[in-house]
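Enquirer: When I checked Swiss-Prot for this same protein, it listed these features:
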{"type": "ACT_SITE", "residues": "Asp138", "note": "active site"}
{"type": "BINDING", "residues": "Glu62, Glu87, Asp116, Asp138", "note": "S-adenosyl-L-methionine binding site"}
{"type": "BINDING", "residues": "Lys142, Asp174, Thr212, Arg213, Tyr214, Glu215", "note": "substrate binding site"}
Amino acid sequence: MIDHKVHLSEAFFGRRKGKRLRNSQLARIKMLLPTLKIDLNNSAPPDLTSLFPSKVREVRLEIGFGGGEHLLHEMEHFPQTGFIGVEPFINGMAKMLMSLEQHKQHQNHLRLYDDDATRLLDWLPNASLDGIDLLYPDPWPKKKHWKRRFINMKNLNRVARVLKIGKKFRFATDIDSYANWTLYYFTHHHSFEWEAENLKDWKTPYPLWPGTRYEEKALREGRTPTYLTFIKK
């Protein structure tokens, strides 16, 4: 049996594990994840492109990639970009690793982290990322749980430190209260500017957007997605 150790911090709330993993998934967690996982016990390289065996021109981060569908899609379309994917939910990580067995060409420009994203953000060098995606994060819809949302001023300070000037933080949700919450925090932070001029700018999916399983469910249930983009000043 694999002991999948995690370390909780002030920013993580929720399940680490759901359905029982199949033996094939457990094998990928044991054998493949260690080859791709970022070890925070080592110092971060000044140039993050050195994390990747393949030559990459830039590095982007996706926080909470779920089963990895969007991340895999991005790697298909941006082969000269190095990607860092964070997913503390072990079932999502296992699904991603299974997909990587079928897309081995992506392994050389992908690095993974299976714990709290704030730990990774604190480890990264200043102005080291060319983009950050946070797509359909847990909205914690009950008001008493809103403090558990990833978007807060402390985490925006983290994001502002590691994101390069002129680069984008993209946020998608189908929960209106979380969209409004996110707008409030970003527009009250001195390091970001909201990239929007009219309604279609936050109702139109991002370029090359593949959609997600969660988004399909939201649309079936009558919820309208919101796509927010913020530029680091």
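Residue numbering: from 1, along the chain as shown.
For all residues, glycine too, the Cβ spot is worked out from N, Cα and C.
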Enquirer: Can you give me the Cα-Cα distance between Lys142 (substrate binding site) and Glu62 (S-adenosyl-L-methionine binding site) in Å, rounded to a whole number?
Expert: 25
Enquirer: In the same chain, which residues outside the set Glu62, Glu87, Asp116, Asp138 have their CB within 8 A of the centroid of the CB atoms that define the S-adenosyl-L-methionine site?
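Expert: Here the non-site neighbours turn out to be Ile63, Gly64, Phe65, Val86, Pro88, Phe89, Ala117, Pro137, Phe150.
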Enquirer: If you measure C-alpha to C-alpha, which of Asp138, Asp174, Tyr214 (recorded positions) come within 10 angstroms of Asp116 (S-adenosyl-L-methionine binding site)?
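Expert: Taking Asp138, Asp174, Tyr214 one by one, none has a Cα falling within 10 Å of Asp116 (S-adenosyl-L-methionine binding site).
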Enquirer: Take the Cβ of Tyr214 (substrate binding site) and count every other Cβ within 10 Å, whichever protein chain it belongs to.
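Expert: Excluding its own Cβ, Tyr214 (substrate binding site) sees 17 Cβ atoms within 10 Å.
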Enquirer: Using a 10 Å radius around its CB, how many other CB atoms surround Asp138 (active site)?
Expert: 17
Enquirer: Rounded to whole angstrom, what's the largest C-alpha distance between any two of Glu62, Glu87, Asp116, Asp138, listed as binding S-adenosyl-L-methionine?
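Expert: Across Glu62, Glu87, Asp116, Asp138, the two farthest Cα atoms sit 14 Å apart.
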Enquirer: Let me check the 10 A CB neighbour count of Glu215 (substrate binding site). How many other CB atoms are there?
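Expert: Excluding its own Cβ, the number within 10 Å is 20.
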Enquirer: Select the closest residue to Arg213 (substrate binding site) from the following recorded positions, measuring between CA atoms: Glu62, Glu87, Asp138.
Expert: Asp138
Enquirer: When the Cα-Cα distance from Glu215 (substrate binding site) is computed for each of the recorded positions Glu62, Glu87, Asp138, which gives the smallest value?
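Expert: If we rank Glu62, Glu87, Asp138 by Cα distance to Glu215 (substrate binding site), first place goes to Asp138.
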Enquirer: Near Thr212 (substrate binding site), which residues of its own chain have a C-beta under 8 A away, given they sit six or more steps off in sequence?
Expert: Gly66, Glu69, His70, Leu135, Tyr136
Enquirer: Expressed to the nearest Å, what is the distance separating Asp174 (substrate binding site) and the residue listed as 'active site' at their Cα atoms?
Expert: 11
Enquirer: How long is the line from the C-alpha of Glu62 (S-adenosyl-L-methionine binding site) to the C-alpha of the residue listed as 'active site', rounded to the nearest angstrom?
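Expert: That comes out at 14 Å between the alpha carbons.
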Enquirer: List nothing but the one residue from Lys142, Arg213 whose Cβ has the fewest other Cβ atoms within 10 Å; the candidates are the binding-site residues.
Expert: Lys142
